[in-house]
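In TrEMBL this protein carries:
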type     : residues      : note
TRANSMEM : 20-42         : transmembrane segment
TRANSMEM : 62-84         : transmembrane segment
TRANSMEM : 91-115        : transmembrane segment
DISULFID : Cys153-Cys186 : disulfide bond
DISULFID : Cys154-Cys170 : disulfide bond
TRANSMEM : 233-254       : transmembrane segment
Amino acid sequence: MHYYRYSNAEVSCWYKYLLFSYNIVFWLAGVAFLAAGLWAWSEKGVLSDLTKVTGLHGLDPVVLVLVVGIVMFTLGFAGCVGALRENICLLKFFCGAIVFIFLLELAVAVLAFLFQDWVRDRVKEFFENNIKSYRDDIDLQNLIDMLQKMNHCCGAQGPDDWDFNIYFNCSSESKSREKCGVPFSCCIPDPAQKVVNTQCGYDIRKKSKSQWDDQIFVKGCILALEAWLPRNIYIVAGVFIAISLLQIFGIFLARTLISDIEAVKAGNAF
């Protein structure tokens, strides 16, 4: 008895190359993130002395860039090779990882909504820890300055949070010129000044709090972020939905291609 394979029992080129195109973008983005992260580390001398990473008590933004880059590079590589080589193992790895990330995002969003007080406490703790390391890492410093300038805020709960940093602490033992001050990013910008005055926050907290309003932002960044979210809820929701749809589309392509490959293999077995 002879068995014949039907002429249409083949892997769909449409799904195969669409999945490849989908993943090549992730792979190239992963390469870009990795290159940027490694370049930033080389500029800070971390590549020659990795203890600089473990010695930082706050967040090194470069670590986040590298983690995102590694994840995107790995998934993009697995998806590209899996699609081109019709490798079920790589495709299942890609699909499973995307499903895991999607479920993780969903769980974080739900838990953040249900346990808002706990999240607020963790954000406060996280922000205070990074304030302590403000002068220890230039990337962290730039990140905090950007956050404070964009949201017109200062510190986690307010300007006095800068007491957590040894350079800005009001302690009598401190020899720092920035003692009892705040970073320049806390200062209310003067439209008439074309050059940023990096010393505008010096000694400001030695003055009475009634004088702060005219010179620095007095709202804490946590309160500023809490006020920002309701105003931009549609933008946040739109970004979340767009990312979710892209992930679901990738899962659909991978599962469809896996089904095609398995169907062809089953047809060849007869």
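Cβ from N, Cα, C; glycine included.
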Candidates 20-42, 91-115, 233-254; stretch with most C-beta pairs under 8 Å toward the transmembrane segment (62-84): 20-42
Residues that sit under 8 angstroms from Cys154 (disulfide bond) by C-beta distance, when 6+ apart in the chain: Gln148, Asp161, Trp162, Val182, Ser185, Cys186, Ile216, Phe217, Val218, Lys219, Gly220, Cys221
Other CB atoms, at most 10 A from the CB of Cys170 (disulfide bond): 14
Cys186 (disulfide bond): tally of other CB atoms within 10 A of its CB: 26
